[in-house]
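Over in Swiss-Prot, the protein carries these features:
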type     : residues : note
TRANSMEM : 27-47    : transmembrane segment
TRANSMEM : 52-72    : transmembrane segment
ACT_SITE : Asp137   : active site
ACT_SITE : Asp459   : active site
TRANSMEM : 537-557  : transmembrane segment
TRANSMEM : 570-590  : transmembrane segment
TRANSMEM : 608-628  : transmembrane segment
TRANSMEM : 664-684  : transmembrane segment
TRANSMEM : 697-717  : transmembrane segment
TRANSMEM : 727-747  : transmembrane segment
Amino acid sequence: MEAAARGNKKLQERVPIRRTAWRLADLAILFLLLALLLHRVLHDSGAPWRRAALACEAWFTFMWLLNVNAKWSPVRFDTFPENLAERIDELPAVDMFVTTADPVLEPPLVTVNTVLSLLALDYPAAGEKLACYVSDDGCSPLTCYALREAARFARTWVPFCRRHGVAVRAPFRYFSSTPEFGPADGKFLEDWTFMKSEYEKLVHRIEDADEPSLLRHGGGEFAEFLDVERGNHPTIIKVLWDNNRSRTGDGFPRLIYVSREKSPNLHHHYKAGAMNALTRVSALMTNAPFMLNLDCDMFVNNPRVVLHAMCLLLGFDDEISCAFVQTPQKFYGALKDDPFGNQLEVSLMKVGRGIAGLQGIFYCGTGCFHRRKVIYGMRTGREGTTGYSSNKELHSKFGSSNNFKESARDVIYGNLSTEPIVDISSCVDVAKEVAACNYEIGTCWGQEVGWVYGSLTEDVLTGQRIHAAGWRSTLMEIEPPAFMGCAPNGGPACLTQLKRWASGFLEILISRNNPILTTTFKSLQFRQCLAYLHSYVWPVRAPFELCYALLGPYCLLSNQSFLPKTSEDGFYIALALFIAYNTYMFMEFIECGQSARACWNNHRMQRITSASAWLLAFLTVILKTLGFSETVFEVTRKDKSTSDGDSNTDEPEPGRFTFDESTVFIPVTALAMLSVIAIAVGAWRVVLVTTEGLPGGPGISEFISCGWLVLCFMPLLRGLVGSGRYGIPWSIKMKACLLVAIFLLFCKRN
């Protein structure tokens, strides 16, 4: 039993959310889908396009069942950090991980602001109980230099935040606006002005730094970066701030820079490999029982976030109920009406809370607090600690480092020392050993231990492994939000991110980690399995949605119909389904405080994403499975400004769709062009029917189908006539035209 749960005052409460009306709506739409399928079967004409429609609609029905399961029983968790007051001395240590991979796509100032917000957290004895580790997979001296400068700045920034109760402790965000000063705020005004000046100096030092100069004039501090290549270098670990008692007492958390060893002969497993290296390095330096991981662009927005997390990690009667605490991804400076459909507000409130009511929310890769022993692969139940007693068993799981095996045994059996390490610099040499690129060979790292390898979405796969071991997880929603980041803007960044996620999901779906197999042979609950499938089938939706989208143009071009005509009873089923589904989606957005425009933007982006990012992800993974290609981890550019008053005239107009020469735009551009051509040809046929009395094939349903696609693909159609970054490149246009020509030829021959 957790120590905190034995107290008189509760730390958390699980609150079910009633949704009776929504359940009725779920069932009503399911009934209409089944009725449409029944109509198809009873009125089967044998036409291939109608049977294709039946197959697609059967898939949509299956997708709706998964959606209903995910939303059926939502919950929220309320936390009461004020009740931790009587247990201050019992609060455990936390190791905080920040990952960055590319100093160009993820500028050092972005990472610096995230780190500074972590160093300024409100937590008892933060200097002793918190430690911040930064993984730099780019092995950049610029990143290391920026973090060293950040540590110096933190000596004044952290006391300023605590003295004045600063709410948002990422300097770029805090200084983006000027607070209102009163007559009695003289001291605060003086401090604020000084800190703003110091931050501007920090920004200039980091932005003016260049790699050759650092290597030449760094006084030997950056000698380890000489002659290194990004994918071929030894381990570099630097203790940038060691807050031991002999020097400063209770100041701010330790700060450690880590760039793990890489070799071109060994796979480094992207972010999952970096997280596993950080886990081992931190185990030998501070070995906190809990870990927080953040992407480099997700800064702390609520300085009490660790206290809230402890309410969940310590507040249940047993540990099984909370293996990890996931916070929702929130975005600052979000564009009005969510033009790119990537703010995920409704998905969180509807699907996220629903999954939280099952075995628990998914691990989303950032903003998550973990139990270290769960990451080490510990199972639930009586057999949880078996396999950790002998040195041979520990070696097969964790590797050859005796120091690490001893630290792992301490975590698993709860034998952690309450005395802080006096000098973590003395641990650097042994820490380098476990960050070596060949350390994991012959061990369980990446499989049963640590972050799981084998998918571009290593985070979700790792969470599934934890759930499969019998653990549960919790969703932590607090005000103000725990962490904030910046959502990708423009077309390329959004679609690149979605393609990466979809590729990772499909890799899991067709692998031995498939949740159906995990439910059959392990402890993943059935409804949790369906919840995972709800996400994993994202890319599988693409061929079905593409097929259904092509049926409208095909029928208009070949004078056929695939939807019931107005004279058929099935027309009213299809019409009722169309109205019910769109009304359902609209009401979801309204209930979540979103606008009608936001609802339309999200629906539009789903159609664009399905015909672009998801489709390309589907094809990429299929080709990889057949041995024709490899999936590649693509880092999403971080677009946020990190200096006060920064204005970049090269940035695109907010909310406007931008394009590049990525192949992701080819199929969706072709589909947009095809829909317009089909409507034009269909309208011409209507004129012939009216004037010459020719028999007509397609009905109004096919026109509505194509017209709806035209509305959804309007950003692409505008891109066809746009210029610069707002115009679709000619190479994409020509390839799209070729696809359209092939489809027109197909329609003519059929």
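Glycine is treated like the rest: Cβ placed from N, Cα and C.
Against the transmembrane segment (537-557), stretch 52-72 has more CB pairs under 8 A than any other of 27-47, 52-72, 697-717. Same-chain residues lying 6+ beyond the ends of the transmembrane segment (727-747) with a Cβ under 8 Å from its Cβ atoms: 550, 553-554, 557-558, 659-661, 665-667, 669-670, 673-674, 677, 716, 719-721. According to DSSP, Asp459 (active site) sits within a helical segment.
DSSP assigns Asp137 (active site) to coil, not to a helix or a strand.
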